[in-house]
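Record features (Swiss-Prot):
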TRANSMEM  29-46  transmembrane segment
BINDING   HIS116  chlorophyll a ChlzD1 binding site
TRANSMEM  116-131  transmembrane segment
BINDING   TRP124  pheophytin a binding site
TRANSMEM  140-154  transmembrane segment
SITE      TYR159  site 'Tyrosine radical intermediate'
BINDING   ASP168, GLU187, HIS330, GLU331, ASP340, ALA342  [CaMn4O5] cluster binding site
SITE      HIS188  site 'Stabilizes free radical intermediate'
TRANSMEM  195-216  transmembrane segment
BINDING   HIS196  chlorophyll a PD1 binding site
BINDING   HIS213, HIS270  Fe cation binding site
BINDING   HIS213, SER262, PHE263  quinone binding site
TRANSMEM  272-286  transmembrane segment
Amino acid sequence: MTTTLRRGETGSLWDRFCDWITSTNNRIYVGWFGVLMIPTLLAATICFVIAFIAAPPVDIDGIREPVSGSLLYGNNIITGAVVPTSNAIGLHFYPIWEALDEWLYNGGPYELIVFHFLIGIFCWLGRQWELSYRLGMRPWICVAYSAPVAAATSVFLIYPIGQGSFSDGMPLGITGTFNFMLVFQAEHNILMHPFHQLGVAGVFGGSLFCAMHGSLVTSSLVRETTETESQNYGYKFGQEQETYSIVAAHGYFGRLIWQYASFNNSRSLHFFLAAWPVVCIWFTALGISTMAFNLNGFNFNQSILDSQGRVVNTWADILNRANLGMEVMHERNAHNFPLDLAAGEVLPIALQSPAING
């Protein structure tokens, strides 16, 4: 006689679904934020791929002069982009059912991609916090991830809101991003904004600190292998002993620069490595969000004059000329002519005609 013991089914279908969603034993953690993250990121990705390949030209300026951005309409991987929603739409919510005939022409895919993408990365951030909570970890992973989330939100949502149209959002492409950067510099002088300068310090400084830390650790590994073996074999996942000598790294760096320029605490060191770029990128996102409402970077529009009233050219004048040139090239239509050019005083080019002696 054979007796079979079967584990009884406990709980309702909903309870089992909840247990599966929040289980940390799954190969990929889903979580409640993942329930919303997965469909939104899938929708954004699918729409982006289709639009990048086959979307028809978009009337970005709202004046019936469409601009093509897809591969099938003459672009390549470098020049291709998902063109932002038309200026004729402004800040209106523009779902596909609002204008089936003109949705593609007015750049509807851009709004669809951006909105779903932003919701998706917000949920990814929440999912990071949720998984950390389930595992009993501290929440600093999602705090660090909030920096790129804030940066993406500032260029895709806050800046268009401040400028009054989603046509001013960053195009979804390589050269589209470069064009956005040039126009941003022309209209807001972002290079002269302290918060952007902090962001540059965060990105380049973070790269420098990462390279310094990695090279110091790699150079001070505790020898566990012979010369003929890879040094990576000297580490076993989960081992208790240190794999490198922080004392040696501290001594080297302290003698190379200055004693107090080197960390002697591994925890404070890694906190600094995380905090430096995160805080600086926070400030950059804040700077873009303020420039969205035209609180721009420093300007040096008043040239230095000598005793005769003549301009003494400085680097600020060169920067101003570059900004005005980029702004004129960007605004392709007379009715959008830059106000800082159209409203300025007329400056004489020459006080008198030169004499021509034949």
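Just so it is clear, glycine is given a Cβ too, placed from its N, Cα and C backbone atoms.
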Cβ-based neighbourhood (8 Å from the centroid) of the quinone site, residues HIS213, SER262, PHE263 excluded: MET212, LEU216, ALA249, HIS250, PHE253, LEU269
Neighbourhood of TRP124 (pheophytin a binding site), C-beta criterion under 8 angstroms, separation at least six: PHE33, MET37, LEU41, TYR145
Stretch of maximal Cβ-Cβ contact with the transmembrane segment (140-154) [cut-off: under 8 Å; candidates 29-46, 116-131, 272-286]: 272-286
Result, the transmembrane segment (195-216) in contact with the transmembrane segment (116-131) (3+ CB pairs under 8 Å): no
Distal contacts, the transmembrane segment (195-216) - CB-CB under 8 A, six or more residues away: 249, 252-253, 269, 272-273, 276-281, 283-284, 286-288, 290, 297
For quinone, whose listed binding residues are HIS213, SER262, PHE263, the greatest C-alpha pairwise distance in Å: 11
C-beta crowding around ASP168 ([CaMn4O5] cluster binding site), within 10 angstroms: 21
Integer Å distance between the CA atoms belonging to HIS270 (Fe cation binding site) and SER262 (quinone binding site): 12
HIS188 (site 'Stabilizes free radical intermediate') and the residue listed as 'chlorophyll a PD1 binding site', Cα-Cα, nearest whole angstrom: 11
When distances run from the Cα of HIS330 ([CaMn4O5] cluster binding site) to each of the recorded positions HIS116, HIS188, HIS213, PHE263, the nearest one: HIS188
The residue listed as 'chlorophyll a PD1 binding site': tally of other CB atoms within 10 A of its CB: 22
Cβ neighbour count within 10 Å of SER262 (quinone binding site): 18
Site with most surrounding Cβ atoms, counting all protein chains shown within 10 Å, from the binding-site residues HIS116, HIS330: HIS116
